[in-house]
Amino acid sequence: METLFNGTLTVGGRDQESTGFAWWAGNARLINLSGKLLGAHVAHAGLIVYWAGAMNLFEVAHFVPEKPMYEQGLILLPHLATLGYGVGPGGEVIDTFPYFVSGVLHLISSAVLGFGGVYHSLIGPETLEESFPFFGYVWKDKNKMTNILGYHLIMLGIGAWLLVWKAMYFGGVYDTWAPGGGDVRIITNPTTNAAVVFGYLLKSPFGGDGWIVSVDNMEDIIGGHIWIGTLCILGGLWHIYTTPWPWARRAFVWSGEAYLSYSLGAISLMGFIACCMSWFNNTAYPSEFYGPTGPEASQSQAFTFLVRDQRLGANVASAQGPTGLGKYLMRSPTGEIIFGGETMRFWDFRGPWLEPLRGPNGLDLNKLKNDIQPWQERRAAEYMTHAPLGSLNSVGGVATEINAVNFVSPRSWLATSHFVLGFFFFVGHLWHAGRARAAAAGFEKGIDRLDEPVLSMRPLD
């Protein structure tokens, strides 16, 4: 009986016998068909851009200006808002038209890419080497492969520079640290000091150091993109105009599956970094759009109760909690004045609504008694009830309100999805790296299944 999974099924003129791969192996059937593989890639790009455009318009259609973005489950509009589109002081949305334009532009682009994908999949030449040698390639051609790497690096560099140009010359970007609670700001003095920019890379990823995730000002972010954009473009030119050195020729496996494994490893790393960035960072991911970080929600709660009880007559400087430590304020391990209670674990949190109340030795008692502004109280109360925690009542000392039961923070969505996808991509990296290395070493592909128990079992029919 013929089934979808046996070798006799032919799809698109290609069967398992002629290609070595079944229909469900997807693009593996196109390994040596550069024209058809181009079609698959362009169509894939079209799907990605279509999702971006359609989801963008979906979020615009459902957007309620009176509610914060993070309360509406949005993940695309916060990115556009962070780029300075449609927002004003305090992150307030003042114009949704730029978001609509973004969605339409992506939809139009996806149509062009979709047409190109269909054309190259069905009509265009199966291979490019004969008709279009510049675009053709052989997987083992080391020089051609590094040329292609170079083109990719240049495009990535241009992408990084687009953010720089937007921030410096085309309207600026949203800066959560702008005085008074955040605003769109032109970055006139980006950090170009290599010691500062690359100092982030040399930091420990643990504890309060936080590697590149610890970046806490827009000047460093834009300056970092200047460096990354320039290095990517220069690296791209290098790889285009040079051939791989002997040590590189020997060190790497030069096959299609090897390149796939390298790409999966790189994307996996990016996924893990994006996970940490979206979860911990409130500069690149402003809390006005993505909601508070976990530590931020916890500190907000401590601040809110301090404000409330201070108004009711409590002496917040000396009141003791049930453990004998300070109920509202206490000392950090290094002597700074910090919030007391369970939020002590987040004592090194930094946020634009709290920093004005600090002095040279942590929180300033005089400022806490006399200088708290209404916008700080409002923001802390809002953040306190929108913690990015998967709990109906209490986690880590953060109490949520009944109205927050159905709230899931965009930080939770973004961090979880990027971690899970990053992990799967890492497994894919290991899988394809192992296959590529085995093939390069001349091993038998696949696993010997002669001893599988299923082979000795009675057929189902």
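Placement of Cβ uses the backbone N, Cα and C atoms for every residue, glycine included.
Swiss-Prot lists transmembrane segment at one of the ranges 12-33, 122-143, 342-363, 364-385, namely 122-143. Note on Swiss-Prot: of 96-116, 222-242, 243-263, the range annotated with the feature transmembrane segment is 243-263. The Cβ of E355 ([CaMn4O5] cluster binding site) lies under 8 Å from no Cβ of any same-chain residue at least six residues away in sequence. Packing against the transmembrane segment (57-81) from elsewhere in the chain are residues 87, 91, 93, 96, 98-100, 102-104, 107, 174, 285-291, 382, 386, 407-411, 413-414: each is 6 or more residues past its ends and has a CB under 8 Å from a CB in it. Counting Cβ pairs under 8 Å to the transmembrane segment (122-143), the top-ranked stretch among 166-188, 243-263, 279-300 is 243-263. Remote same-chain partners of the transmembrane segment (166-188), defined as residues 6 or more beyond its termini with a Cβ less than 8 Å from a stretch Cβ, comprise 81-84, 87-91, 216-219, 222, 282-283, 286-289, 352-353, 375, 379. Note on the transmembrane segment (243-263): residues 31, 139-140, 142-143, 145-146, 428-433, 435-437, 439-440 of its chain, located 6 or more positions outside it, place their CB under 8 angstroms from a CB of the stretch.
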